[in-house]
C-alpha cells in the first residue's frame, strides 16, 4: 500500500491525494447537564427500551417467527425513539440480531466480554465508558490452533428497497485447523460482526461436536470458541460458523460501501480494504500477517453485478430471486490482509503477459477509456519483476480496479489490486505528466508487493518496512524500466530521501523496526519512516553490496521463504551469503535506531580529509521522551564516498567506499586528489547514495557555492539538490550559518533542471510558510519573484513538445512565479481560465499547469470564478482533474468562502459534493492558505470527536491531518494552543505520535524564527529587494 500524502501540484506526484474518509459526528462536550424532569424522562425511556428489547429477544430465537407488537415511549415532541424504530424494522424483517443494537442510534455493534451458548444472538452490546480504559498491549492471538483453510461465503444486501443506511452483508465460514498445542479454546479475531445460530466444532471425520459456547474479548477483538475437551496434538478440526452479519457502510475499512454517479443515478458497489487489521471486520479469522492459510471464496450477487476476488471465478450457481453465487479458485497460502472481495458493475480492459498471466483493468463504465496506460504499464512491469527477481508470478491472473472511494493510494491484494482512481486512471491530453508518473509509480509499487509482502510476508507489523520500504524502492526500478528518460533515480533523492530527512530529523521519530501491538500503534507506523526511509536505506544497501549481489540475494530470500513469513534478519542472512559484508552488522545500525548521522568533513590540508559522524536533529536541544533507546549510542556504519574538483567522479561504486564505523575514533582519509583548501572543493556523498547529511568547514562551503555560481553543471544535478537541502537543514539545526544556506540560492536563476529546483522549492516553501504572517514577507516575496523571473520568461506556460522532466520544471517555475506575484504569470493564468469559462467544453489549459492556473484564477478572481470551478468539479469525469479543482477552491482569499468550503468538506448528506476520501485533503488545502489556516485549525478543534471517530483508527488520514494543520505553527501562542489541546484529550487514536511531532516541530519553528529571521532580513536588504 503506497504512502499517503496529499496532492497539491501537478509536479508533486508521489502518492498524493490519499487521505482517509470522513463520517459525521457531532462534537461532544466534556460534561452534560440535564434538568431533573429530563432525567426522569430519560430514565423512563431506558426502562421501557430494556423491556421492549427483552420482549423482542425472547421471541427472536432461531426457528421462531414473530411480529413486533411492542409500543415505544415517545419524546416530548411525540416522535418515536429512532433506536427502537430501527429495532422494530429489524425484528419485522426476521432479524434476530437486534439485542446489541437497540441501545444505539445506529447499527454498529462491538464485541464485549460476554458469553453465549447455543442459539442466542451474539452481537455484543455497544458501550460507552465514562473514562477511557488503558490501551491493551497484549493483543497477539494465541497460536494453539493454526488455520489450514477458510471456506468463506459473503452475500451483500445493497439493493432497493433498502436505503443505504440499512445496507448489510451476511456471511458464513468453515475453518479447518491443526492442533499445535493442546487447548480447549479456538481464538479468532472479530470486529463489528453479529452471530446467530449455533457454532459447530468437529474432528476431521465430523462425527463428534466439540462446541460448548463462545465468548468475546472486546479489548482484543477476540471471538473465543470454547470446546468440550482439549484438542489432540497434530489432529485436524473443523469450525463451522453458519451465520454472521455486518454493516455495509462507507467507512473504507473491511468490506465497505462505495458509490458513483451515472447521470442522476447513484450506483452502489461493495469493495474491501483489509490491511492492516480489518479482515476481522468482514469475517471471523486469525487476522495476523504470519498466520497464512488457503481461502475458498464464494460471493453472492445480483444478476446485474459482477464479483471479483483474488483468484479466477470457476463456477456460478443460481440461488433464486435473481441471486447468483460465484465460486472462486482456492488461493495459495496467504495472509488475511491480502484478501479482496468486490461486487460492482464495472467494465474491464484486458491483456496477457509473456508468461500468460491474464491482466485486467476494471473501472466505472464512464472511465474505462482511462485504463489503457495503467494496463500497459502493469503488464510491462510485472514481466520485468519476474525476470529481475527470477521468481515467477505465482497466480493465474492479476486484476487492477479503480475504486471511487478508497482510503489509501492503492492496496496490493494478491491478484486483485485496488486503486484510488487518481492512482490508476490516465487520460492522454487531459492528465498531466505528473498524473502519468503517479499512475506508473503506484502500479509499480503494488506489483513489487506481489513478491515483497504477498509471497514473503513480514512476521508482524513491526517489520512493516520489509513490505513498504522494498516496494517504495523497487517501484523506481519498475518505472525506470518502462520510462528510462524520466530519470527516476534522480527524482528519488527529492521524492523520498530528502523528504524523509525532514521527518526523521525529529526526536519524536521512530526506528525503521519498531515494536507495535495495538491496531492504533500499527496504523501509526504507516508513515514516511516505513516507506521512504526504508526505501532509502535499501538503495544505500544496493550501492554498497553491488547490483549483482543485491539481485541474487533478493532471489535467495524470496525462494527460501515463499508462502511463509520473514523477519528482517532473514533478509540480512540472504544478502550476506551473497557478499563479503556483515550485512546485519551494518543494517542494524540503520533499522534499530531512529534519526541519521551528519558526516563532518574537515578539509584542512591538501591530500587529507578528517571525517567525524554525529547524530542530526532539527532541534538538538529537544527533550528526548526516551521511548526508543539506541543500542548503538546513535552511531552508524556509514559507507562514505567523496569526489573533488580536481578529480570529478560522480559514478562512484562500492569500491570507492570509506567506512565510518559505529565504534572508534574519527576517520582520516589520505588522497593526492584532494586539493588544497581554498583552491578546490571536496563533495561528500556523490549521487547521495548514503542516508546521511554532509557538513564542511566554511572554506569548503564557499568553494562549493562559488562553483554553483560560475558553472553549476560541473556538479551533478543530484548533488546540486543535495547541497541546497543539506545547507538549509544544517542551518535549521544550528550546525551551519544561515548565510551559507541563503547563498546556495545565488545561482538558481541559471538552473534549468527539475531535481535541483524541486529541492530549492521545498526549502524555500518552508521559509514562505514561516514568513507568511511576518512583516518580512513582502521582501521575501520580491526576492523570490526575482529568482524565478528569468526562468519563467524563458519557459512560459507553453508546454508544447516538452519532455517529461521539462514539463515538471515548467510546472514548478510557473507555480512559484504566480505564487510570488509575477504579473505575467498571473495575467496568463487569468486569461486561460477566463477562456475556459467562456467555453467550458474546450479547456485551453495545458495539463501540466492546470493546478497553477486554477489556483491563481480563483485567488485573483471573483465569487463567480469560484463557483465555476466548483461546477466543473461536479461534472468532471477524470479523478485527477477533480482533485486539482478541489485544491484550487481552497485558494480563495475570502474567509467566508473558505468557511463555507470547510463545511462542505465535512458534509455527510447524500447530496454532499466532496467524497469522504477527499475531505481531509480539502481541510489541509485550506490550512495552507494563509487566510484559511486559523479557520481549519478552529474547525479541527471544534469537531475533534468527529475527526477522532472517523480518522483516529486509520493508517494515514489522521496523522496527515494533524501534521498538515500544524506545519506552519511558529509562535509561542501556537505552541500553547497546540499543547493545551493535546493535553485536554484522553484518547488521541492513531494520532499520538503526530501530536508529539507537531509539538516538536512547532518548538523548532519558534527557534528558527528567533535565530534566522534577523539574518534573512539582513540578507534580503543586501539583495536590494
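For all residues, glycine too, the Cβ spot is worked out from N, Cα and C.
In TrEMBL, the annotation region 'Disordered' applies to 113-134, one of the ranges 113-134, 135-156, 157-178. Here TrEMBL gives transmembrane segment for one range in the set 16-38, 39-61: that range is 39-61. When Cβ atoms from all protein chains are considered, those within 10 Å of residue 446 (active site, proton acceptor) total 29, not counting its own.
It is 449, among the binding-site residues 445, 449, whose Cβ has the fewest other Cβ atoms within 10 Å in the structure shown. Residue 531 (site 'Transition state stabilizer') and residue 445 (Zn(2+) binding site) are 11 Å apart (CA-CA, integer value). Proximity to residue 531 (site 'Transition state stabilizer'), judged by a C-alpha distance within 10 Å, picks out 468 from the recorded positions 446, 449, 468.
In this structure, the C-alpha atom of residue 446 (active site, proton acceptor) lies 10 angstrom from that of residue 468 (Zn(2+) binding site).
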